[in-house]
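In TrEMBL this protein carries:
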TRANSMEM  B:6-22  transmembrane segment
TRANSMEM  B:34-53  transmembrane segment
TRANSMEM  B:59-78  transmembrane segment
TRANSMEM  B:93-114  transmembrane segment
TRANSMEM  B:126-144  transmembrane segment
TRANSMEM  B:151-171  transmembrane segment
TRANSMEM  B:177-199  transmembrane segment
Amino acid sequence: MGYVLLTVPLLAVVLFIVLKKKHLQHVISVAASVTMTIAAGFLTWAVLKGGFIEYSAWGGFFRVDALSVIVIDIVVIISLMTSIFSVGYLENEIKHEKLTTDRMRIYYVLMHAFIFTMLLALTVKNIGIMWVAIEATTLASAFLVGFYNGKEAIEAAWKYIMICSVGIAIALLGIIFLQFSSLAVLDSSQFLDWTAMIDHATELQGPTLRLAFIFILVGFGTKAGLAPMHTWLPDAHSQAPSPISTLMSGVLLNGSMYGIIRIVAIVNRSFGNSMFVGRILIAVGILSVVTAAVFIFSQKDYKRLLAYSSIEHMGIIAIAIGFFTPVSLFGGLLHMINHSFTKSMLFLSTGNILQKYNTREISKISGLFKMLPVTGVVFLLGLFAIGGTPPFSVFASEIVVISAIFQEKNFLVGGLLILLLAIIFTGIVVTLFKLFYGTDIPKETPPGELNIPGVIVIVLLLGIITVMGLYIPNELRILIDQAVEIVIGG
Amino acid sequence: MTNYLDALSVLLLVSAFILMGNKRIGSYIKTFQFQSALVALLTGIIGISSFAQDGRIDVLIICAVVIGIKVLFIPYLLKKTYAKVAYRVEKDFFLNIPILVLICCLMVVFSYFSFAETMGINTGTINNQIVNSFSVILIGLLFMISRKKAIGQIVGFLVIENGIFVTALFATHGMPFIVDMGILMDILVAVIIMGIMVFRIDEKFGSINVDNIKDLRG
């Protein structure tokens, strides 16, 4: 089943190139996503029963355990939602002549290439290949960021590819030092294999490992959107087509965070505690949350605002990993899942809003409830959810993370985090609530939803995040516990 | 063999300094080509020695790929891109060249001392090869932020990548084969994409001066 997961998106890319009929393209995209979801379901089930899956082909190239399966599930589910949403979204774009059928094909090819690279990064055992795959995600999505070819879109794409390529190059330097620290311990067939590195963690060279960690954090942190390396993120998220913003925020950021978690596991196992890694991660995390809190107030563009909110949540996850207790890691991983679903829902809703109003400026939009009754309600509830209001799931995981911080008796970080979250919530309310009311609605467009499949998807996501806020399924709890055990070690 | 490697690492550093002193895009590309040739030579030497010792040919294959991609194809691509977009020569840097070269010297000193402090990389004596290749990376970063033209930034990125590649060779005598191939493929695709974007920037902004690209802020 693991190979199905990797071959389906590749096969889809080939089919998009070969088959040129417009309707077929939609069918292939959705069918590929459904197949991937089913394959990932089987993988999850196998991991739940057996702990991990490893195929012997190519020297054990493919390996999936609880930690990777969580992120894989996020990737395939968000991809499925995005594929369904894209059908209606792209049809509307074509109807308004913003897109030709040929451009739509490029969109689908790149989108599925992006999903493939993401899944590759999550299913390999070798950290070097993981790096290659994460760099490939940048390459696959660069044209998607600049898809509309306007001045601003080109600028965002250029910044994205330059900043992320250089950032990720620095991560490569870190990976070289990682290999260097293991030269005396591992033989050449085991180089950069994280299972072998975890097994021999205590024998690795400490000082080189520290150097490696810092470079890797800067590199993968650039792609994960941690401040101060976040500068590409608001531009790319606001300029990309909304379904692509969804994939970037819900999928790409988590993939890079996954890379960081893997390295943290090795480094902490080697040092026997989380002093060194923890301080850096908590500092970077707090800085990310502060950056988001400062910039959210001055936003004039609702997609940019959501992008800053993604930086905030990545910061929270970084803090949770930094504390490195079972509770905080549980909270961090849960937060990763909850943030992805909530933020995807919001970004997909902005797709509907953008198509209706044709503007990203907050001041030019009013009367959202009248114009888009369903999207408006979902967007409003989503904003409450992302701000951390009960009963939604983000609240649940934030509470777990914060209580883990207080359990460690770190009242300074905990108090600061609560204060910042309150500030960010106020910021979102003050800036975005103008959208919903008001009678000053555009005359030329009649009210009503444009993208019916898209509306179904966002309502479904709203259902998921509400249920997840009240109740975590037992299987998911077991899976996260397994993942925490993998990171901390038995 | 260590002598050859030492000499090559110094030559690589010199090529980075030459790059910093260049004024025109055409000469950036030539210097990059020269530096890549040095990288290929280095890969070749390590490849031959690993072939002589263990009978492995993978480093030699990587050497051939480096020649194909970095020495031949990428400079050709950059020259073609440059020929299509360039129509005027203007001052292309934020600081003047003597100051930049001075900063480069300070960077070499900085990386010497930072590696002297790191236990493990140096066993008694300081590993000059790593100091030199790390300095190449730092100079590449400085080059990237000191040039205003988009092609200058691409060359800067490639120099960083060269520096990292030789660091890998010096520190570990080559990463696993498939990883090295993946890295080279990624660079190839990255440069092709960046080249296409340079066209688009030229089309939309009327020049390839990255100073003009600053609409998105805050």
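From the backbone N, Cα and C atoms, a Cβ is placed for every residue, glycine too.
What TrEMBL says about a protein is an automatic prediction, not a curated fact.
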Spatial neighbours of the transmembrane segment (B:93-114) not adjacent in sequence (6+ beyond its ends, CB under 8 Å) are 13, 16-17, 20-21, 23, 126, 131-132, 134-135, 138-139, 142, 145-148
Contact count check, CB pairs under 8 angstroms to the transmembrane segment (B:59-78), set B:6-22, B:34-53, B:126-144, B:177-199; argmax is B:34-53
Taking pairs 6 or more apart in sequence, does the count of Cβ pairs under 8 Å between the transmembrane segment (B:6-22) and the transmembrane segment (B:126-144) hit 3 or more?
yes
I need to check the long-range neighbours of the transmembrane segment (B:126-144): which residues 6 or more away from its ends have a CB within less than 8 Å of a CB in the stretch?
5-6, 9-10, 12-13, 16-17, 19-20, 100, 103-104, 107-108, 110-112, 115-116, 152-153, 155-164, 166-167, 170-171
What else in the chain is close to the transmembrane segment (B:34-53), if you only count residues 6 or more beyond its ends and a Cβ gap under 8 Å?
1, 4-5, 8-9, 11-12, 15-16, 18-19, 59-60, 62-63, 66-67, 70-71, 74-75, 158-159, 162, 165-166, 169, 173-174
